[in-house]
Amino acid sequence: MDESALTLGTIDVSYLPNSSEYSIGRCKHATEEWGECGSRPTVFRSATLKWKESLMSRKRPFVGRCCYSCTPQSWDKFFNPSIPSLGLRNVIYINETHTRHRGWLARRLSYVLFIQERDVHKGMFATNVTENVLNSSRVQEAIAEVAGELNPDGSAQQQSKAVNKVKKKARKILQEMVATVSPAMIRLTGWVLLKLFNSFFWNIQIHKGQLEMVKAATETNLPLIFLPVHRSHIDYLLLTFILFCHNIKAPYIASGNNLNIPIFSTLIHKLGGFFIRRRLDETPDGRKDILYRALLHGHIVELLRQQQFLEIFLEGTRSRSGKISCARAGLLSVVVDTLSTNTIPDILIIPGGISYDRIIEGHYNGEQLGKPKKNESLWSIARGVIRMLRKNYGCVKTDFAQPFSLKEYLESQSQKPVSAPLSLEQALLPAILPSRPSGAADEGTDMSINESRNATDESRRRLIAHLAEHILFTASKSCAIMSTHIVACLLLYRHRQGIGLFTLVEDFFVMKEEVLARDFDLGFSGNSEDVVMHAIQFLGNCITITHTSKNDEFFITPSTTIPSVFELNFYSNGVLHVFIMEAIIACSLYAVLKKRGPGGPASPSLVSQEQLVHKAASLCYLLSNEGTISLPCQTFYQICHETVGRFIQYGILIVAEQDDQEDISPGLAEQQWDKKLPEPLSWRSDEEDEDSDFGEEQRDCYLKVSQSKEHQQFITFLQRLLGPLLEAYSSAAVFIHNFGGPVPEPEFLQKLHKYLITRTERRVAVYAESATYCLVKNAVKTFKDIGVFKETKQKRVSGLELSNTFLPQCNRQKLLEYILSLVVL
């Protein structure tokens, strides 16, 4: 294989928009030329042939622009039309041209000279943090409160002793928390990482235009918050290394205290890392630790006050599924509070995407099979480094989204009408149990709790949750799609029974173009044959390659063992967010058609657009714990409506002729459709209803499904993408038919996971990857949100029992039927 196509020691022209060199290079390769490929059957080609540009004029999208609706001023800030054309740079490709020196010695010492010339010094970083935090008013109040609890009725002398005792405890906590950045250690680590990264990565690509935006943001003298996705332990070092190489101040990195281990913790502290508890409520009695919360809040405020940069992983932990997890916005709330108190004028938010051909951990099969997570230790880190040095992990693509003003975002949200979003229970129960009286609620559910909550606190919580969703959605849009993601996805959901190498290369090429057409970037370049072989090299443990003497071709088959399928699914999930909305429409289309069936209208191939959008929106709610599906400033109904419009544009759905629509009289179920769902679920606005010149029956239109082979294959592919998720949810619904309750939640998760694994081992499951532990946890969380389970707290363990609504067996059966209506097996 031609390594030059992938190592990218210099800028690869295939990354540059409208590159004539790129066009010529592609024309030389007959199998890559669009004109020749157009006559061959592939999974997506016909679905997008109407609107696809030719390969020669295809532009790489510039990803990561901020939300124009919520931050219109930031949209034009730090960005100019020349930014996207700046191209990519391989960060770990360093030679004498990157230094001020030339000659033989400069070539031999280029790494040392490059590191020495980086701008990093002590004055860049925070000083006197511990004392400033201890003397802050909030921490002083917390110390006095905790001391009062320790000595409620003591004398003044005893009270003074209690205060001193609490102060010592606070100082000890801060010693573990506060980082003491060492410029010398940053330089040394930069040199070591440059050597290490060159040994086990082929390249680390960044977009030079994105770095220009970050540099422009640093010149505002405002604190920056970097919020990247979390894929691997290497993430902690990767961002600091990239910023260091471009003379940008290293951020203070929030890290879980599971990494607070001897020697390694000292290194992390010297590089700007600070350790925080994974759970803030770690007092023996499970109460809020007032002192720790005050110290953490004071520490963040002090860093921001001194205009330091922060790096926070909103997901809280590495993604074990390959998908971006839901946000945990604890530290983000501290940042918002700091700005709300006018301590600093503004904060700039920078979401980030990180994509790997192969993560250094390789996979998370142990945890996905239900094995307990191993605690990190110095020995495990040493073994990991040794293992890394013996392998190659391919390419890395890091993206920095456009910085946006947190102050502007908060002000724009305050000007929007505040309305509480629908809970999953409010959104889905009317569809699952249509005969249930509206407004019915169980005793002991969250209804009474919500009513008693302070409205201001609830509004603040929603504001922070929406901000976190905004950031994660932008970060996911910024994540490049790697070659391993596409190959794993094709093998699992297009060619699960195996495929010839030549056909796999064709489908890879077309799927790559589909990714670009949806405004997602790629983390690779080169001709498709080389890139596919590159991906197969990293997925080798999960696939079987055989040589067929008949056609003299290699045949690629995904392995059927559970660990192999889990690993392929991990990498395949890297491309799921590209097609998630289209997959939701495809599954909803199946559900609507199946429901109408033989007893429906005269033309069962016609689908009500209104009905399809409602069904898709309810599926969005059902899958909302699988990650951020849309921006919070958009409703599910808006994006479902837009996606249906794209299906019409693709030609997959065809608007029926007026004569065909007039022949159809809506059935009773269709007439009552809106009555089964809460009023806010309409994707049309009140203004549209008032201004429309047409009746309700004329605003809805009917759609026909294209019967072409290519379109049907595309729909099937999309339905398979959600197959593992829906099979896991439906299997969980089957499992609760015999729920004995009450039961501790960890025990229930373990039993449900064992049930799913057993289904897979007995080959009952259609998708073996439906048995991953992540899907088990997400299914149970969704059932809690819907109101299937009531959650009880005993000491520090959560317990589960069926709610009053789902105690009747018939209602659990309706839940199962609702999920099964969406499942395509």
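Every residue, even glycine, has its Cβ placed from backbone N, Cα and C.
Arg328 is the only one of Arg320, Arg328, Arg494 that Swiss-Prot places in the CoA site (with Arg278, Arg279, Lys288, Arg293, Arg461).
In Swiss-Prot, the feature motif 'HXXXXD motif' is placed on 230-235, out of the ranges 230-235, 314-319, 410-415. Record note: among 435-455, 687-707, 435-455 is the stretch given as region 'Disordered' by Swiss-Prot. The stretch that Swiss-Prot tags with intramembrane segment, taken from the ranges 88-118, 243-273, 615-645, 708-738, is 88-118. In terms of C-alpha distance, the listed binding-site residues Arg279, Lys288, Arg293, Arg328, Arg461 place Arg328 closest to Lys781 (N6-acetyllysine). Listed as Cβ neighbours of the motif 'HXXXXD motif' (230-235) (distance under 8 Å, sequence separation of 6 or more from its ends, same chain) are residues 313, 315-319, 325, 354-356, 359-361, 384. Rounded to a whole number, the distance between the Cα atoms of Arg328 (CoA binding site) and Lys777 (N6-acetyllysine) is 16 Å. Annotated pair Arg293 (CoA binding site) and Ser380 (phosphoserine), C-alpha to C-alpha distance, rounded: 31 Å. Residue counts for the motif 'HXXXXD motif' (230-235) under DSSP, helix first, then strand, then coil, are 1 helix, 0 strand, 5 coil. Between the CA atoms of Arg278 (CoA binding site) and Ser380 (phosphoserine) there is a gap of 20 Å.
Across the region 'Important for mitochondrial localization' (80-120), the DSSP tally of helix, strand and coil residues reads 19 helix, 3 strand, 19 coil.
On the 0 to 100 pLDDT scale, the topological domain 'Cytoplasmic' (119-825) averages 86 in this prediction.
Among Arg278, Arg279, Lys288, Arg293, Arg328, Arg461, the residues given in the record as binding CoA, the maximal Cα to Cα distance rounds to 20 Å.
Within 10 Å of its Cβ, the residue among the recorded positions Arg278, Arg328, Lys777 with the fewest other Cβ atoms is Arg278.
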